[in-house]
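Below: the structure, in structure tokens.
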């Protein structure tokens, strides 16, 4: 199960969690985060608020994925499909009942169930075989939507009926609150979860399955649970994206999305929730950045493709300069200072 | 505390990015967004990359070229038109982002000619909430024609049901007694088109559908061949028109193809077919703008001149004609709205209609109708070129008759810029 990362990355990725345990309780971090986000939504112009909301939505899925891949060593290329599950469930429920909290609950529940099914199969698979299975899940989304086009409306997708936000709150600010509310709850739950026994089990299974088994850890159960937790997070993210876009379609959840998510958590720092935040920020900022670069060069064809190049370059540079990802950079300097 | 400090740093960075980014756009506070004394900014979302880029990516540069031509001739009411083109890759999630960027950050006056049914559907509510005029959407979906629900949205293309009725009429009059079948895209495009065809022909003998994410129509063409189809009506995008014709030829299936306008540009389809391009011979389609190969047409002469001067002499196909026609119509609307243009005023002006442009048939715009061109004329591919035959037809998306249109085509003004 160690084919995903190097020895170096493991130590670096583990360090933040242990460090945080000694220092600041996650609740405090989240509370500070919440205050910062709320303050930000008041000073940012509307479009930046929308981008902030998108970061929040991405954070839900990257946080879940980093726990699965970084802490449990299971490589998933199918989280885009899990997001699609959440998004479609939300759209279908919302169009029927027009009750956002209910639709959210159903979306998360639906994705959890799908995650459990995939997780059960995944627990039997290792390394490239697991990647293969999740890859298949990611590529099957468009076929499912066109096979059952009566329900999912094929490539065109569904629009999502939404009640307007409260009168006094601008749309984009409301979206930022919604996304970050969900993201902070997700991150808090994950942080609390991986601090305790479950987190130790995850790491034990990742590092050495036999040793974990000897120590009394139920390997299969841990793996399935990790997948389910991670799927639920992806479901939240998918539901948020459906709300943000007011529509769902297979085109919004392509295979490249799953790959981008994985790239983001690797660049951010595998296994670190702060790394997940960095990853989410990059997922929003890099395409914007490359778009403005593309525009300034005057070649409009470049815009859509440049993001891929930029992501690749950033990945290579970060892996060379800081193999533990962006979140590990400060850890190293602190260690140096301590010595 | 280090982590919190970094988080704070990250947030500050984001905030700074926000502040620097919001600097551009509207200069005068209470004035109309995107309009200054010297400039008017409009934006669009287009598939410059991705699955729908073939052909369609040439539309926005053509529109921009026409605006540059107008700007070089003094602009509209002293204002230069600045056209911001954003690539959405035909992905509805990207459309959300780029349209928000255009409206909230770049503060455009209007969204012009946003392309695609699935992509544009997602931003209708956003544009309505922000009261942004949503002019001349590049798609024939009937969704754009909902004046009560979306008062600022107007279509450009004849809607797919109108087109279906006209293609159906051709089949009924010229190929009666032959077994007619249908292959369409599995969305509003295919469904609306089929609805129009069946209004005229009654139920078709066999119908199949495809999705753009699966570039294989082998099973569908096989089924149509097995059903003994003699006429196949296609509601396909250019790539799939080529794929259908090529696949049919491979299995020795030679029906008469009758193709929707959006998928019938011979230059685009021929390029995809490559050496097999002669298979297009005899293909029947429809259009409502002058054809790119009609050198004698004054509109084509004008657009070719603009293309040479401002579009880097891009290959002159029907997408270029389309893009420039959109540009021409928008300039007409701006001219008619007058010097003190506002968002409400441009909507009012478009509803008033009366635009005479390159179109063979009139536009339908009125207070009750926000759909685009009212009909089409049939074309046939002869020695690699599409040529018009018969007369233009107009009809509605309901049970109205398909009637021949007798009006005369307008000619462009001397200097190529519509007068106020």
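Keep in mind that glycine also has a Cβ here, set from the backbone N, Cα and C atoms.
Where the annotation comes from TrEMBL, it is an automatic prediction and has not been curated.
The feature transmembrane segment is assigned by TrEMBL to A:27-44 (among others).
For A:50-68 (among others), the entry in TrEMBL reads transmembrane segment.
Under the heading transmembrane segment, TrEMBL lists A:100-122 (among others).
Look at TrEMBL and you will find A:174-194 (among others) tagged as transmembrane segment. Beyond the transmembrane segment (A:174-194), the same-chain residues lying 6 or more positions past its ends with a Cβ under 8 Å from any Cβ of the stretch are 17, 20, 26-27, 29-30, 33-34, 37-38, 40-41, 44, 49-50, 52-57, 59-60, 63-64, 67, 71, 104, 165-166, 202, 229, 233, 236, 240, 243-244, 273, 276-277.
According to TrEMBL, the transmembrane segment annotation covers A:224-245 (among others).
What TrEMBL lists as transmembrane segment is A:251-270 (among others). A Cβ distance under 8 Å defines the sequence-distant neighbours of the transmembrane segment (A:251-270), meaning residues of its chain 6+ beyond its ends; these are 4-5, 9, 12-13, 16, 58, 61-62, 65-66, 69-70, 75-81, 83-84, 87, 134-135, 138-139, 141, 155, 157, 238, 241, 245, 276-280, 282-283, 308, 311, 314-315, 318-319, 324-328.
The transmembrane segment feature in TrEMBL is assigned to A:277-294 (among others).
Feature annotation from TrEMBL assigns transmembrane segment to A:306-329 (among others).
Two recorded stretches are said to be in contact when at least 3 C-beta pairs lie under 8 angstroms, sequence spacing 6 or more; the transmembrane segment (A:224-245) and the transmembrane segment (A:306-329) fall short of this definition.
Here the transmembrane segment (A:50-68) sits apart from the transmembrane segment (A:100-122); fewer than 3 CB pairs are under 8 Å, leaving out pairs fewer than 6 apart in sequence.
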